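Annotated in TrEMBL:
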type	residues	note
DOMAIN	2-115	domain 'Response regulatory'
DOMAIN	190-255	domain 'HTH LytTR-type'
MOD_RES	D55	4-aspartylphosphate
Amino acid sequence: MNILIIEDEIHAANHLQNLLSQIEPNANVLGWISSVSEVKNFMQDKHAIDLIFSDIEIRGGHVFSAFEIFPPKCPIIFTTAYNDYLLDAFQSNGIEYLLKPYDKDRLEQALKKFHRFHDHTPKTLDSSLLSLINQTLRSETKVYKTRFTIKRPKGMQLLDVKNVVLFKLDQTGLFAFDNQANYYPMHDFTLSSLEEQLDPNLFFRINRNEIINIQAISLIQSYGKDKLQISLEGISDYCLTSSHKTPEFRRWIESS
């Protein structure tokens, strides 16, 4: 059985692959892709896929914007935290879903359902359902992250997004910093996946390695010909916009 995983959170993809290795040891995971553009490219190549596990909101938008263009020819099990309306739409069309967070037993149930019905009446997403779901998602107001759960050696810690001054990627990993210079490991995320989950009115990616909070900016100064030096509350080192981001950043601070 060839399986494709569509998921933009590293820990969620790893969790799924780990459970699949226990439940379906002979399954072949064709790949793990995390953005709308990657989904389009993969589906366009017409791989032999037996089953897709897919999150709904991934990097670049909703996965249905890719599925409308390249409808999957195989069943999909959605791994989602979305609202009851969409879950009802899935159920009424015989499509399985896993409501996050899910465990091994719940995944096993979904796979049993897939095996039970797939050989006789394989279920795929028809064009009318794709259109309905995509329209529904476009009409909804996007909800951005308000807090993160940070894993610590002795347990978990909650971090409110409003208290984050800076997200920074360095050689040791990705970290969040608050205005007291405390730092929090964000190793389950990529900077791109974080960017998609943060309110763009408050957070801006100023270069390849840093996302800043507009409410934490204390001073902006010119730096050379086409860069800006940004000082943030509680952060001793300044940040620099990349040259190609500077014009967009100027527009952002004026419009926010």
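The backbone N, Cα and C atoms fix where each Cβ goes, and this holds for glycine too.
Predicted automatically and left uncurated, TrEMBL annotations should be read as such.
Across the domain 'Response regulatory' (2-115), DSSP helix (H, G, I), strand (E, B) and coil residues number 48 helix, 30 strand, 36 coil. In sequence order, I6, E7, D8, E9, A12, V63, F78, T79, T80 are the residues near the residue listed as '4-aspartylphosphate', counting only same-chain partners six or more apart with C-beta under 8 A.
On the 0 to 100 pLDDT scale, the model's mean across the domain 'Response regulatory' (2-115) is 84. For the domain 'HTH LytTR-type' (190-255), the DSSP counts in helix, strand and coil order read 20 helix, 22 strand, 24 coil.
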